[in-house]
Structures are given as C-alpha cells and as structure tokens.
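Working notes for the structure below.
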Amino acid sequence: MELVFLGTGAGVPSRGRNVTSIALSMLNERNAIWLFDCGEATQHQIMRSQIKLSKLEKIFITHLHGDHIFGLPGLLSSRSFQGGESDLTIYGPVGITEYVETSLRLSGTRLTYKIIFNEIEPGLIFEDKMFSITVDELDHGLRSFGYRIVEKDKPGALNADKLIEDGVEPGPIFQKIKKGETVTLADGSVINGKDYIDEPQKGKIISIFGDTKATASELELALNADVLVHEATFEGDKEKLAGEYMHSTTLQAASLAKKANVKKLILTHISSRYDRDASKELLIEAQSVFENTEIAYDLAVFPIGE
C-alpha cells in the first residue's frame, strides 16, 4: 500500500500545490485505488501520476467545501470516457449525493457505470474480509469527517523450511498444513499444522482527516495508526488564527501524533502563504514535537509502513 498525494494545498490552487486529494493505492492488496477528497483539477494530477482511473473503486469525501469536491464531476466523467464500467462507491457527508447528481444532470453527463452513494454518519461505514473503515466528526464548522482505515491481520506464512527439516516432503499436504489442519503422514506420524504457521501479520492502520481545528474526537481515530494524515494549514504560532478559521497548526498536528502513538505523521493542506522554503520550516517545527513527521508535496508517494 502507498499514499499518493495528488493535491496538498489549502483553499485555492497555488503554483506549487493543487487543492486536496489523496489516493490510497492498494494494487497488490486488492487491485484497487481509493481516493480521499477530489479538489479541482484532481484528474489533471492523476494524469501526472501512475494512477489509473480504471482502478478507482471508492471515493471518500471528508467535507463539502469546494477545494475538496470541485474536481468530482470532471473526474467521474473522464472515468466514463475511459471505458470505466465497474460500480463506483462514493462516501461523504449528507449532500454529496445531491451535489454529484445535480452536477451530472445539469451538464447532461451520462456515465457508463453505476455510482453507489453512501452518506455517512459516525461509526463503521465499510467492512469486508480485508478492511474496515470507521469515521467520526471533526470540528470545522461545516460537517467534516476523519477516516480510520484498518487492514485486517493477514494469516501467518507457512514455515516450509521447518516442515522439510522435520521430514515432510513438499506436495499437496502442504496446503492442508497451511490451513492449520492436523494431518497424518505416510509413516503414521501426526503433525499439527498450527505448529508450522508463523504469527499473523499485523494489518496496517491509516488515519486520514479532513479539515479541522484541534478536537477531542481526533485521538481515537488516530490511535496507534501506522500513518496519520493531518492538515497543517498554519505554523505553530498561528494557533489563534487557526482556531478562528477552524483549522490546525503544525504543532497541534504533531502533538496529536505523539499523544496517539502513531508511527508516522504526514502534514498536508498547507496554506499558500508558505512557499517551498517556508514549508521546510513547518516540517522542522513539527519534528520538534514528533520526530517522524513528513510534509507532503504534490505527487509525493509514501509507502505504508516505511
């Protein structure tokens, strides 16, 4: 899995940063892409990346401010033009259905695939054999959500070397042992498959937040995450200003990461007042509180767990 930051700016596009969109690429895990927010010109950013719209399975919208949704109609239309036929699910606050359907209707856009809308409330919004996703409200004036994506633990690998050392020849019997079954060998000896399976591989946790000021609900969403993606619209000494505009500072994001025991913090949603050099200072500031912090730039790619 990896996170691809398609847009990392706040409010409006700038020369260095487009508005918000983040892709969670899971090609190895489920041959799919999940998209978090879709600001204006997201599809242009996708063309500059390795992402294929044909792999897009789900879109998650954090809130309905324009810099997070104005790219949706064009992206949905382009997916259709490119031959997309598989269903696409869009999750988001109440109003996302009306916004998308109205945009498509007024523009006379007809899609070649079905959109399934899921207007979310706090709690579990998705679960299958591989992942679960829970959401909770943040504090941004307009209803804004944070997403917690939990990968389920993977079964432990079969320790084939140990089996061979114990005299078990490779063959169909390995499949039964891999399932943890008890099997009887040709010589009459009995082995327990569970003795030859490594410990389950812990699934990853990714927390991706929409715009917010510092608020209590963030902690549970971020707790023990492998990666926390958090806005940092302002520098640390602008806490009062950030609060007035319902946003966060670098230091607030870093403090949350430390308190929540996350492994890596990635800062995004950077105000256009900060150029690339100033952004480096934002990073240094956050790292003074939480060392394993990165600052995202457009088209940056972050492998999960590294």
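Placement of Cβ uses the backbone N, Cα and C atoms for every residue, glycine included.
Among the candidates Asp187, Asp195, Asp198, Asp211, the residue that Swiss-Prot annotates alongside His63, His65, His140 as binding Zn(2+) 1 is Asp211.
Each of the recorded positions Asp67, Asp211 was scored by the other Cβ atoms within 10 Å of its Cβ; the lowest score goes to Asp67. Counted within 10 Å of its Cβ, the other Cβ atoms near His63 (Zn(2+) 1 binding site) come to 23, all protein chains included. Here His269 (Zn(2+) 2 binding site) is positioned 13 angstrom away from His65 (Zn(2+) 1 binding site), judged by their C-alpha atoms. His65 (Zn(2+) 1 binding site) counts 20 other C-beta atoms within 10 Å of its own C-beta, drawing on all protein chains shown. Cα to Cα, His68 (Zn(2+) 2 binding site) and Asp211 (Zn(2+) 1 binding site) are separated by 10 Å. Cβ packing within 10 Å was compared across the binding-site residues His68, His140, His269, and the lowest neighbour count falls to His140. Listed in chain order, the residues near the Zn(2+) 1 site other than His63, His65, His140, Asp211 are Thr62, Leu64, His68, Leu138, Gly141, Leu142, Ser144, Gly210, Thr212, Met246, each with its Cβ within 8 Å of the site Cβ centroid.
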